[in-house]
Amino acid sequence: MTIERIDLAFEVNNTDHHTLQNSADRLIVRRGQPFTITLHLRPGTHFQNGDNINFIAQTGPIPSVEAQTKAKFSLSRFISRSSWSATAEMSDSTVSLTVCSHPNAPIGVYKLILDQGEAIGLGEFVLLFNPWCKQDPVYLASEAEREEYVLSQDGLIYRGIPKRITVLPWTFGQFEPGILDICLQILDESPNYISDAALDCSERRNPVYVTRVLSAMINSLGDKGVLVGNWSDDYEDGVKPTVWKDSCSILRQWSNDGCRAVRYGQCWVFAAVACTVSRALGIPCRVVTNYGSARDSNGDLVMERFYNEFDENIADDSIWNFHVWVENWMTRPDLSLGYEGWQASDPTPQHRSEGVFCCGPAPVRAIKEGELTYKYDVPFVYAEVNADVVEYIKLRDGRVFKMGGSTTEVGKSISTKAVGRDEREDITHNYKYPEGSEEERRVYEKANHHNKLAQAGEEPGLHIKIKVTPDMQIGSDFDVYAELKNNTMVTKSCRVMFYAQAVSYNGKLGETCGLGNCLILFYVSGSRVTLRLEYAEYSKAITQDRMIKLLALLIDAETRDFYRAKKTIILDGPEIIILGVPKVGQNLVADLALQNPLPEPLENCVFTIHGANLTDGKPITHEVGTVGPKEFVTAKVQFTPNLPGQRKILIDFASDKLHNVETYENLVIYE
């Protein structure tokens, strides 16, 4: 096979991937979403669609399958949105090749290679985070919010004081020519990349990691970052921060000057540039202003203001009239469920986090609830919005007297631009309970308690926690873990009992499908017990709910104290793939496909579709019989809508061993 020409279909693909504003002469796509390119073959040659057609997609200087910076995949019958995959359609001397990336693949510049014994380069593309993909951790359900927090190139930044809030229009310009390359260059200039490029490129699959790198790289303290901060009122050798009105000028100057930091910025400039870079890379982002923003220098959650006899503040703690940071939208699989969503990140260099001048991402909900042990930097941001204020006067003879204080001065009128409107949205309620309320004081006391524990060390005692892996699909064997931690000062002898038991949705317990029992001697550190769950065992116990309850008991052999951890897991079922549902016409056909994930056949397999005004008021079934292990099954199910409008068609798959496998598709039916 000889390829004469390759058409990467920049305009079509970039339009589908919401990147056309970036460029029409370069392929820029988003994770977990297919794109199609065309191979034009030399006349007389043919594309052999077989097992020897393989592809490689790789990024970074040291691509590696283990690090997920290199993916090897072959042609398949259907596109998978949960892994790298490719399909091909042939006609005459052209091949239409559709490729889809893993929804958690590292972002960056990729090379796509056709491997048929010899490597043939098919071209380069840039892969970005995808807020339109449900499997991507940055998925944002609202189209209006995606327009505002990903696609909008301008916005409003709030300054001033609560009683006189002023508005600064700002051009983010994330799709301006050359800006995306500069944003990727920022990642490549980070100390993380310079010290270990392979690891850094691998970690770029995680928006938490990328956000943290950006928080450090937007300021120039300790690295080759973008902006120098200056609050001295002396800007003779640079640009006064109030002069800047857009991010692109700053980013281009940084890049054109050999990554030399731009002089000067203050908090709103740091935040605006961080917003530009986040949106350019595909992470939803908004700029947030906090009025009465505390800077807690010693981490005690109290703003101690010391004045001399001339009313001059002589303390390290300070309260800014306003301070500006950003929020990024993402899931937090590293934290408990419920702390996904908006994460506060502050690129202004005020605070060292793990030795680096960065801050966040801190879950906004954790800030509100006073969960100071959650990553990253929740205590610092909590103090910015909710620290108590105590005032003292220090006399010339050294004596100190308390003058007063306030529990309501810090954290007022926290503001961001409203979605789709040039208006201010007050989001103070996201960060704190109403001032003076019982909830606000309760959270403050809890935060203060957590803070003291954190400063003194972790919570004392023995701890046990159950950890699971994300790959728990029915039909597979997998491990679950009981993680043990000894936060005492002595060696502990303990017994661990680890159970797995089938459970129904109503809590009714079934048969045991896994059991571990061991004696452990461990020091002031941690240990892990592994329980292997095998399909051959759990398949005989689980119900159609596919639920397994895990219970781990840690027993101190000396004190006979018991510690318990429990978790209910749901095994993933296979994905129903809707190959295509026409949206216009009378006789419509749903093309359905599903892969059997089990190592054994499925019997009595049935697809069922139903929907209001679509299937004549009753379900339509399609029997497909037996499906072999790991095999695909397909079905064409015909139906006739009887009313126009927005409709939802529901699809269900059932068999003797798999039940409740469901999906849906939204349709628009025209007259």
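Keep in mind that glycine also has a Cβ here, set from the backbone N, Cα and C atoms.
According to TrEMBL, the protein has these features:
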| type | residues | note |
| --- | --- | --- |
| DOMAIN | 259-349 | domain 'Transglutaminase-like' |
| ACT_SITE | C267 | active site |
| ACT_SITE | H323 | active site |
| ACT_SITE | D346 | active site |
| BINDING | N386, D388, E435, E440 | Ca(2+) binding site |
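This view paints the features noted in TrEMBL onto the structure.
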residue	record	Cβ contacts under 8 Å, 6 or more apart
C267	active site	W320, H323, V324, W325, T348
D346	active site	S215, F270, A271, W325, V326, C358, C359, G360, D377, V381
N386	Ca(2+) binding site	L301, I367, V410, G411, Y431, K432, E440, V443, Y444, A447
(message) Return the count of C-beta atoms lying within 10 angstroms of the C-beta of E440 (Ca(2+) binding site), excluding that atom itself.
(response) 18
(request) Out of D388, E435, give me whichever of these binding-site residues has the highest number of other Cβ atoms within 10 Å. (result) D388
(message) Averaging the per-residue pLDDT over the domain 'Transglutaminase-like' (259-349), what integer do you get?
(response) 89
(message) Let's check the environment of H323 (active site): how many other CB atoms sit within 10 Å of its CB?
(response) 23
